[in-house]
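Below: one structure, written as structure tokens.
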């Protein structure tokens, strides 16, 4: 007798081994029809998989997050089915699930075109309409090799070669004549795959190495139903309208070019936006007791060997040689800050010591991973490091947590999720040290009543970290600030203080950043606000425009008065109709446009319009200045 325990605690008894689908059918026909897979003792399995022992079972449907993930994975296999029918000579590589979608890498002699993508999508729809069952067969490794040899699937054979010798059988999933290997699970029938869409085609490389052959990557998305798919498409369209690259060009903020991959050319308006953020964060430094420092961008490789970066991070570093010495462009600011700390003797009474830097760093990101100013090779961080005793860690983490939340809210982010990234496989130090570091972060968050999610394996090589994930205006989540506890780097780089017993000890080092990469943060701000920055943040806060040449001198006077007050203002004295000027500056998303006609000139006033088209009427210049100041501008 086999006992199956369901999530509500009820039990069902079966005389013989049963599949997940059998259990679902015993509960009801409706549930059986909705069943995608099962979770047996916490492990996801196919609906056809047999349970031969007492177990707990949760039926997975499209209402479950796991169910949607399975739909996406099976949609990737469906891409393979359609592609092989249309283009039999291509070779299939891999088709994993990604955030909100999937992709499939394919080797093809010629690049796929948008017309190809439309044809593939059409064929996928036709295959779904056939409402066929997806059949799973657990197949011996040797037989799998013969199957793929017969089909000429060279990349599948390479993937099998990479597998451990312990794997002697694998799941083969059949979509009619098409077959793919996978650990699964997958949907039992194509009727679950109706809410899908292919989104784009890009290039990729075998194993992600640019030295290897190029592949075609077909991206797509899939959801539980058409309503969810339509909501996603609408969200993507909104994201495209907010794309920082588009707005950056429209508003003349920055540009990128081929001669400097992953490096940003900031234009005057973009640099004005940068300066607003930097000066704001500089005030945060001062308010919270950080001394601002400036360290070299290039350091001898010996320092990176001592710090541990050489063993754990060198693939992401840029190197150069001079006078038979090897130097590295810094990928992080922390070793430099330790050098500042090491100049002079410190007592426990001096701690905590806090350093902050707008440090320019460089990381050799793969070219395929670069994306506008959100993913770059050269970036500046609002980086800070705190040198403290173990007893001071909790208070410092608490203070940072509170200041980080205040900053995010000031920039317009109200939904914030906190996560702790735990020890990675490749790391410095022993487990006892990591236990202590992870415990310190948990304790600090717990004492503040903060709920958090844990991310095993995602910490830095030198310590665990708190991560701050912010939700933007259209529901996307961005990881920004971090707070990391590091018990190791101070010892590796010789940082010491004298304790109350006159003994030398290594301080604890806290690595912290609130906005992180300035480039990335500005890209996120552009998309979050859709280029419509609040007045205090906008690169140009006010444009003063004349109606005729008769008001030119008064426009210049108003512009100068505002500029002298510290506002970012420009004058538009072009010989254009005022309607044209209003339309242009509205499209540029300037918060305020001051229109100057004869009446305003005579009365020493300004006619105020907002970028939303609201006419605030005529007011004195002083009244307008007070309005700006009330908005924090």
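Backbone N, Cα and C define each Cβ position, glycine as well.
Same-site candidate for Zn(2+) binding, as annotated by Swiss-Prot with 334, 511, chosen from 362, 371, 385, 469: 385. Mapped onto three states, the DSSP output places residue 385 (Zn(2+) binding site) in strand. Across the domain 'TGS' (1-61), DSSP assigns 14 helix, 26 strand, 21 coil. Within the model, the domain 'TGS' (1-61) shows a mean pLDDT value of 95, rounded to a whole number. With all protein chains in the displayed structure included, the most crowded Cβ environment within 10 Å among the binding-site residues 385, 511 is that of 385. When Cβ atoms from all protein chains are considered, those within 10 Å of residue 334 (Zn(2+) binding site) total 24, not counting its own. Each residue in 332, 333, 337, 338, 383, 384, 484, 486, 489, 509, 510, 512 lies on the same chain as 334, 385, 511 and has a C-beta within 8 Å of the C-beta centroid of that Zn(2+) site, without being one of the site residues. According to DSSP, residue 511 (Zn(2+) binding site) sits within a strand segment.
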